[in-house]
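Trainee: Dumping the structure here so I can ask a few things about it.
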Amino acid sequence: FLTLHSSLYIHSSAEPIRVLVTGAAGQIAYSLLYSIAKGDVFGKDQPIILVLLDIPPMLPVLDGVVMELQDCALPLLREVIPTDKVEVGFKDLDAAILVGSMPRKEGMERKDLLKANVAIFKTQGAALDKYAKKTVKVLVVGNPANTNCLIASKSAPSIPKENFSCLTRLDHNRASSQVAMRCGVSSDNVKNVIIWGNHSSTQYPDVHHAKVNVHGSEMAAYDAIKDDAWLRGDFISTVQLRGAAVIKARKLSSAMSAAKAICDHMRDIWFGTKEGEFISMGVYAGGNSYGIPEDLIYSFPVQIKNKTWKVVDGLSINDFSRAKMDATAAELVEERDTALDFLSQ
């Protein structure tokens, strides 16, 4: 009894970690905060201080979110700090989930969108550099996520580039789910799909290395599905255009599924990936073995151990895949160059 009691005591008295969510009054955050505060992401015995950052006009809404988090009566949630100030928001962070960004408005040029976001992520990168722990793990969700992530990283030179990633797990989960539905199995029977490249409609969902467990035996996705035309056609475009399809139907962007993907991504960083499995995330491309330009945040298949990711090397790439991987890289190079022009202004 005594030993049980003391171990419980140790667990509950673990040091709280500080987790920032930006765009905290928005709809993705509204689907996300409960899962974080309840222990689904950083562990069931890890107390949390939630820091919620948004722009000044959103502060009254943020107060409502704080009230609701209080009203959830969650034992792990030690403190909630709503703020519009970066020096408060970024202080001593263990994890930063950067959801807030300038959304694309009707008739807005992609270039204008990039310019607005370069300003935001330059500021946030500099704030991370100045106030956060050097070990902070930073996940960029706000679009254009890959390029925003690169700008934040470049604006935080004292934090290792490896600590920055962007969200392509939603695309990864979409691809897994499409394969699972096609095979008539649940999604946990599908593993090792890959999203290569940009979190945009040029992304390449690749199932050449994916495995499906059908009736207890594991087989290659191509063998399980037996429909190459679908896999090289509608499957790819369905995943690429899924975000737009959700907006068309809901008149709002995907929030529930985005929040779930954020939880998956951060939990995998914290606790690692399963043996023999890999997941997709946008990471720094330096030193990659796939011929992708180095100075990009590009989505690769990765394995994670001890909070450190490693790109899965040595996967065979056929001509079909190569062309798609290069096309999405070209888009990222163009985005990066435009963004770096703005950054230097």
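One is the number of the first residue shown, and numbering goes on along the chain from there.
Keep in mind that glycine also has a Cβ here, set from the backbone N, Cα and C atoms.
Unlike curated records, TrEMBL annotations are generated automatically.
Not my notes, these are from TrEMBL:
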type: ACT_SITE; residues: H199; note: active site, proton acceptor
type: BINDING; residues: D54, N117, V141, G142, N143; note: NAD(+) binding site
type: BINDING; residues: R104, R110, N143, R174; note: substrate binding site
type: DOMAIN; residues: 18-164; note: domain 'Lactate/malate dehydrogenase N-terminal'
type: DOMAIN; residues: 168-342; note: domain 'Lactate/malate dehydrogenase C-terminal'
Trainee: For a quick check of packing: other C-beta atoms within 10 Å of the C-beta of N143 (NAD(+) binding site), how many?
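Mentor: N143 (NAD(+) binding site): 20 neighbouring Cβ atoms within 10 Å.
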Trainee: Quick one: which of these recorded positions, R104, R110, R174, H199, have their CA within 10 A of N143 (NAD(+) binding site)?
Mentor: R104, H199
Trainee: Tally the residues of the domain 'Lactate/malate dehydrogenase N-terminal' (18-164) by DSSP class, grouping H, G and I as helix, E and B as strand, and everything else as coil.
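Mentor: Its residues fall into 67 helix, 27 strand, 53 coil.
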Trainee: Might you list, by sequence position, any residue in that chain lying six or more from D54 (NAD(+) binding site) with a Cβ less than 8 Å away from its Cβ?
Mentor: T22, G23, A24, A25, G26, V61, L62, P82, D84, G100
Trainee: Where R110 (substrate binding site) and N117 (NAD(+) binding site) are concerned, what is their Cα separation in Å, rounded?
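Mentor: The separation of the Cα atoms works out to 11 Å.
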Trainee: Within the chain of V141 (NAD(+) binding site), which residues six or more apart in sequence place their C-beta under 8 angstroms from its C-beta?
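Mentor: In sequence order, the residues whose Cβ lies under 8 Å from that of V141 (NAD(+) binding site) (at least 6 apart) are I28, I97, L98, V99, S101, C166, L167, A258, I262.
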Trainee: C-alpha of N117 (NAD(+) binding site) to C-alpha of R104 (substrate binding site): distance in Å?
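Mentor: Approximately 10 Å lies between the Cα of N117 (NAD(+) binding site) and that of R104 (substrate binding site).
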Trainee: Neighbour count, 10 Å Cβ-Cβ cut-off, for R104 (substrate binding site): what number do you get?
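Mentor: For R104 (substrate binding site), the count of other Cβ atoms within 10 Å is 15.
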Trainee: Return the residue, from the listed recorded positions R110, R174, H199, with the maximum count of other C-beta atoms within 10 angstroms of its C-beta.
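Mentor: Output for this query is H199.
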